[in-house]
Amino acid sequence: MKILRGGSTGICFSLAFALYTCCLATTARSQAAPPLQIQSPAPAQVVFEAPSDFNRRVFVVDKDGFRSMRFGNLSGEDQSRIRLGHPEQLPMPYLRSAAVGLAVPLRLERLLMIGLGGGAFPSFVQARLPEVYVDAVEIDPVVARIAKKYFSLKEAEKLRVHVVDAVEFVKQRNTLYDYIFLDAYDADELPMSLTTHRFFRDIRANLAPGGVVVVNIAISSDYKTRKLIGKLSGYYDHCLQMRSTPSLNDVLLLSDAPIPESHELIARVEKFGATGIAMRQHIDAAKDCT
């Protein structure tokens with residue numbers, strides 16, 4: 001401690017100041033808040049699990065107010081997710097990108113979804129656009145049962161679940177759809193049978209004039225992603241690509257009709273109350289992929 005020069009008065013002052021600061025430090029220590037207790041994240045709760053011929057094993061997991069479906073093993077990626085108590089919401093970013101596609105057709109009467117998962121997207125359409133007829137195709141009967149029992153998916157006159165191979169469904173179907181959503185994944189990537197030229201031609205044949213095909217691409221390989229985008233875009237005159245962060249899914253909008261500009265898409269999406277900051281970001285970041 002540095003002692004000020006200046007006789008006894010300076011020394012007394014220095015000592016007094018030292019005692020004062022010492023008391024302050026002691027008081028501060030006595031009044032200090034207890035150390036923060038860092039809580040570890042709540043563990044995931046397994047609500048249900050069942051063996052599957054198509055996905056090895058299917059898990060239903062609750063965590064932090066959300067319910068997820070996982071394939072293969074408990075530590076796998078979420079294949080589907082809903083907010084508990086609000087199954088009509090879209091918590092997964094790529095589904096919000098897919099919802100942008102609902103604003104592309106001028107007429108939206110029939111929707112085909114290939115790959116059901118927990119049914120979050122059909123539930124969203126059922127809540128926001130109750131006049132739209134929805135056919136949801138799912139090859140795995142275990143997934144279809146779980147979607148209805150644990151993810152609040154409700155079949156109705158305008159929402160039908162078809163437990164069948166999508167390849168056969170689009171080959172034999174005579175209905176034209178204004179919106180077709182391809183979102184059928186096993187634990188890793190799109191099944192090979194859903195990436196053939198024959199299947200893509202059949203999808204094209206099921207699309208109504210002015211309709212849109214939406215494809216979720218969740219492939220870890222950039223090379224495979226680019227190859228699939230190139231393959232798909234060859235069937236349509238217009239292609240819009242959206243990257244959904246943080247999941248890094250690529251969502252394609254494909255149509256023979258011109259896809260509206262971003263401001264027009266936002267205006268159309270707002271009509272069915274599905275817009276928001278996140279969805280606007282998806283639209284603004286979209287790029288042409290033809």
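Glycine too: its Cβ is placed from the backbone N, Cα and C atoms.
Copied from TrEMBL, the annotated features are:
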ACT_SITE  ASP183  active site, proton acceptor
DOMAIN    23-261  domain 'PABS'
SIGNAL    1-32  signal peptide
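Listed in sequence order, the residues of the same chain lying 6 or more apart from ASP183 (active site, proton acceptor) and placing their CB within less than 8 Å of its CB are ALA98, MET113, ILE114, GLY115, GLY117, PHE121, VAL215, ASN216. Secondary structure at the residue listed as 'active site, proton acceptor', taken from DSSP and collapsed to helix, strand or coil, is coil. This prediction places the mean pLDDT of the domain 'PABS' (23-261) at 90.
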